[in-house]
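Database features, via TrEMBL:
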DOMAIN    15-135  domain 'Aspartate/homoserine dehydrogenase NAD-binding'
BINDING   G15, L16, G17, G18, V19, G20  NADP(+) binding site
BINDING   T97, K121  NADPH binding site
DOMAIN    157-364  domain 'Homoserine dehydrogenase catalytic'
BINDING   E214  L-homoserine binding site
ACT_SITE  K229  active site, proton donor
Amino acid sequence: MSAFAPRPVPVSLIGLGGVGKAILSQLLSPPLNSRFNLILIANSRQSISLPLPGGQITPTNYLPILEQHGTPLDIQSILSLLSPSETSGAGIFIDSTGSDLIPSIYPQILGMGINIVTPNKKGTSSALSLYNDIKSKTYPNTPTLYYGESTVGAGLPILSSLKDLVETGDEIYKIEGVFSGTLSYIFNEFSKVEGGDVKFSEVVKVAKDKGYTEPDPRDDLSGTDVARKLTILSRLIPTSPALPEGYASVPTESLVPQVLSNASTKEEYLERLAEGDEYFDKVREEARKEGKVVRYVGVIDLKEGKVECKLGKYPTDHAFATALKGSDNIISFTTKRYSARPLIIQGAGAGADVTAMGVTSDLLKIHERLTTRF
């Protein structure tokens, strides 16, 4: 029997920040470079088609090449390169941006027969109308595929595990966890089992310097990121609340204290960050008096019919207090099958390389579907 070597699947990568650069590096390296044909890369301003005449793109030289030879970003032209034709099969559009605009055209992209892989949460965590439009354009309603494993938990198999539970007939009772790698790091450092008096502002600044936060830390401290992840998970459960406005329908406790609510820019917020220390010192001290630590958690409680993001206090022997290191995520699934002992998924929930791995593993799932002969 002769070996079958499928044609590499054409791929375009939009978004070349930390995660995008890590995706680029993985796509250009074995074994992925033999399975995918990277035909275009783009940042928010420019794009460049590949391969380069007389040269080769690398994770270290792409930026000056893009700046020198790139053309103004034109999403519609990019899509035309990926559209299925008689000579080329369906391509994959990787959205590694934080854009609101690109997810709004996911239905159009999918309607053109172009598959999508993305770590961008906005398409599936915003209004229910957009989510339903995306679902109507994807498998099993059409042959086109959409994957977003890395939208929750970076490279951890959270969405795929929940899908497996639901699609095999398990009944979901409750999902609870520390879903933000950023907030996991911040509270693991701020509220330790062994105690400590480090200031909240100091921990946030270190987290920002390590690249754990968004450029504006308020995007993390608002709880919006966790609300988006809960929305994405909730929508995979048939019996979950509807959340018509997506993450905006999720009750969410903000970690931006009242004293800083009038900061008009991220620069002003960072300059005044220490003004909120008194508030967080009180929260930590209250928990300490109860023999507890503070953690920011997301909860989907199907029995109570609620989805919420909140600052919670947990005993010092609780897994949320003892099991987490650095920017780890930990998610607990309590179901009919996993009732006495919940299913626990834990690991790095932030970082460019692990998030990129979530993206590239999704690419492989599509590759298998597109290239398998029946």
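Cβ from N, Cα, C; glycine included.
Where the annotation comes from TrEMBL, it is an automatic prediction and has not been curated.
On its own chain, E214 (L-homoserine binding site) has T182, D220 as residues at least 6 apart in sequence with a Cβ closer than 8 Å to its own Cβ. The binding-site residues listed here (G15, L16, G18, G20) include no residue with a Cα within 10 A of the Cα of K121 (NADPH binding site).
The recorded positions K121, K229 differ in how many other CB atoms lie within 10 Å of their CB, and the one with the most is K229.
Note: the Cα of G17 (NADP(+) binding site) and the Cα of T97 (NADPH binding site) are spaced 8 Å from each other.
Closest to T97 (NADPH binding site) in space, going by CA atoms and restricting to the recorded positions G15, L16, G18, V19, K229, is G15.
Listed binding-site residues: L16, V19; maximum Cβ neighbour count within 10 Å falls on V19. Its own atom aside, the Cβ of G15 (NADP(+) binding site) has 24 Cβ atoms within 10 angstroms in the protein chains shown. Excluding G15, L16, G17, G18, V19, G20, which define the NADP(+) site, the same chain contributes K21, A22, I23, S96, T97, A352 within 8 Å (Cβ to the Cβ centroid), listed in sequence order. The residue listed as 'active site, proton donor' and G15 (NADP(+) binding site) have their C-alpha atoms 20 Å apart, to the nearest angstrom.
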